[in-house]
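Chemist: Mind looking over this structure? Questions follow.
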Amino acid sequence: MGALTFRDVAIEFSLEEWQCLDTEQQNLYRNVMLDNYRNLVFLGIAVSKPDLITCLEQEKEPWNLKTHDMVAKPPVICSHIAQDLWPEQGIKDYFQEVILRQYKKCRHENLLLRKGCKNVDEFKMHKKGYNRHNQCLTTSHSKIFQCDKYVKVFHKFSNSNRHKIRHTSKKPFKCKECGKLFCILSHLAQHKKIHTGEKSYKCEEYGKAFNESSNCTTHKRITEKKPYKCKECGKAFNWFSHFTTHKRIHTGEKPYQCEKCGKFFNQSTNLTTHKRIHTGEKPYKCEECGKAFNQSSNLTEHKKIHTKEQPYKCEKCGKAFKWSSTLTKHKRIHNGEKPYKCEECGKAFNRSSTLNRHKITHTGGKPYKYKECGKAFNQSSTLTIHKIIHTVEKFYKCEECGKAFSRISHLTTHKRIHTGEKPYKCEECGRAFNQSSTLTTHKRIHTGEKPYECEECGKAFNRSSTLTTHKIIHSGEKIYKCKECGKAFRRFSHLTRHKTIHT
């Protein structure tokens, strides 16, 4: 048996195969490949670093490597069988990857290396090996159905058609239980396990079962011993890549720089997310309402608005909540805990938001002041947004009025003020809007949807701003004060109405 090499333990993906994996599965693949290579290095087996490892370490997509690595190095074919193998020179380029795979599968590596035969006997032996191998090549020659989008060939025309469905919006396979559609039958089969409860992948150590092999592999990694330990703080990791990233906390190293604003990051994923601030890209879209987000975690949190599920229940009164953090805040009503104290007057509150609203009474309405320009705001979130004006360079300038923006999406939206364009139209009443978010909010008038619920009384609203105003009723605070007579009001509209007395 020959010596073990990295290629023996490596797994390769084409572009379409790689795109079928979710983010968790892609990360799992990276970590497993990197760990396999490091184990070979530790055992003294791996001498040179494969291109695949370099690619994974730089967190690039590995499918690119496979195409170049395979196609750029054609097999050295025996001169006696070259004509049989390549009947048409024009087809050669399409089959190089296929032939390489078939040779590897049939274990006839000698056919790839030998260019000539010394005598007739040797040729007969060589030809015998070729005849056995030719059975595999027969199927390879039939792979003439090519995908137009990516250079991939297939045994049968039916396989080619099935593959091409991936590049179209067609999803012919439907789940009878929930109606969800899939472009590949195997994906439907995997999905059905959710309804049947089938969990065919079992952890032998703990007995826990999973419906996907990737979930089982991840579970095993979590439960097994963590071999990579940090000397600084003692924290251990089961992935070497996680360990490497963690060390940057202690060293302060931030190797990933944004080309737009110059900001540095210790993880490439953080840089990728940050770049969306400049491009305005929001790849994570809610299927229910169409709202888009630049982070998957934000979409996950948002989805809870649409589901009526309230898994977090109070043991005292039985009230249920969507988020565990909301339950934690609610419990303070029962135990009387008030952890948020006002430094001015000593008054305590059970919510930080209530304390912030209370502070306005001491500061005259705008407690959040920016030292750079002296401008003050009545909400911390508004101050945070304002800071961007000073910290982020505005690359995108309006040619009409000269106003500049830090995001191209903001400039695009702004331009509609000048053009009067309103591309987002309501199908119910025909009313048009210049922003998709405004249309989304408007649609709730027709659907009756009220996703913003008050944690105190359960009353729901179709706008977050209306909920914010409503919350003041529960706090009892009167944050809007008349400068003329000193009278205070809970709502800004009440103050505005009151001011007419003085004028």
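Heads up, the Cβ atoms here are built off N, Cα and C, so glycines get one too.
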Chemist: Of the ranges 23-45, 92-114, 368-390, which one does Swiss-Prot flag as zinc finger?
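Modeler: That would be 368-390, per the zinc finger entry in Swiss-Prot.
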Chemist: Give me the DSSP three-state residue breakdown of the zinc finger (396-418), ordered helix, strand, coil.
Modeler: 11 helix, 4 strand, 8 coil
Chemist: Report, as numbers and ranges, which residues of the same chain sit near the zinc finger (396-418): CB under 8 Å and 6 or more residues beyond its ends.
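Modeler: Sequence-remote neighbours of the zinc finger (396-418) are 277-280, 388, 434-435.
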